[in-house]
Amino acid sequence: MDRHQPESLSDGSTACHNDEHKKPLKPSKLLLTTLYFGAFLGTTDESFVLITSHHIAQDLGQASSAFWLITGYNLGYSIALPIYGRIYEILGQLKAFLLAYVLYAVGAAVMGSAKPLPVAILGRLLAGLGGAGMVDLASVALNGMTSIIDPHALPF
């Protein structure tokens, strides 16, 4: 089959076999630092807000609804986690990473600049959508960079 011809998938969509945009990323110290930092932020974000959520909600005038700040992130994370595999297949590794980082950054900016609590919760939801990709795609990328045959492929 021609690698550039679309193929019909079982769900009715089509996929192109042009795998140039799906090449594994080459390991470098900057790339690995970015992957590790993104995975760190994605996994520890909930802990950061858990500690400060009551104060944030109190400053926004709704201390009794502080739990929604944590729930918003968890909800976004849970929604996006199974979807990132498909996003990776469609967009490729680099664009999927960029999408995750942009969603996380936009969510953090919305959360940080929110005046009413519902806007802060929306920011947490967006951050969760990005955080899932930052963690999930980092493990996929690291797995693709190394192999069992060559465990010393990483640059340090």
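Placed from the backbone N, Cα and C atoms, the Cβ positions cover glycine too.
Just so you know, TrEMBL annotations are computer predictions that nobody has curated.
Note that the structure is predicted; figures quoted are calculated from it, not measured.
Taken from TrEMBL, the feature compositional bias 'Polar residues' covers 7-16.
Among the features that TrEMBL reports, domain 'Major facilitator superfamily (MFS) profile' is placed at 31-156. Restricting the average to the domain 'Major facilitator superfamily (MFS) profile' (31-156) gives a pLDDT of 88.
Among the features that TrEMBL reports, region 'Disordered' is placed at 1-21.
If you look at the transmembrane segment (30-53), the same-chain residues 6 or more away from its ends with a CB under 8 A from one of its CBs are 66-67, 69-70, 73-74, 97, 100-101, 104, 124, 127, 130-135, 138-139, 141-142, 154-156. If you look up TrEMBL, you'll see 30-53 (among others) marked as transmembrane segment.
Summarising the annotation, TrEMBL assigns transmembrane segment to 65-84 (among others).
Marked as transmembrane segment by TrEMBL: 96-114 (among others).
Feature annotation from TrEMBL assigns transmembrane segment to 120-142 (among others).
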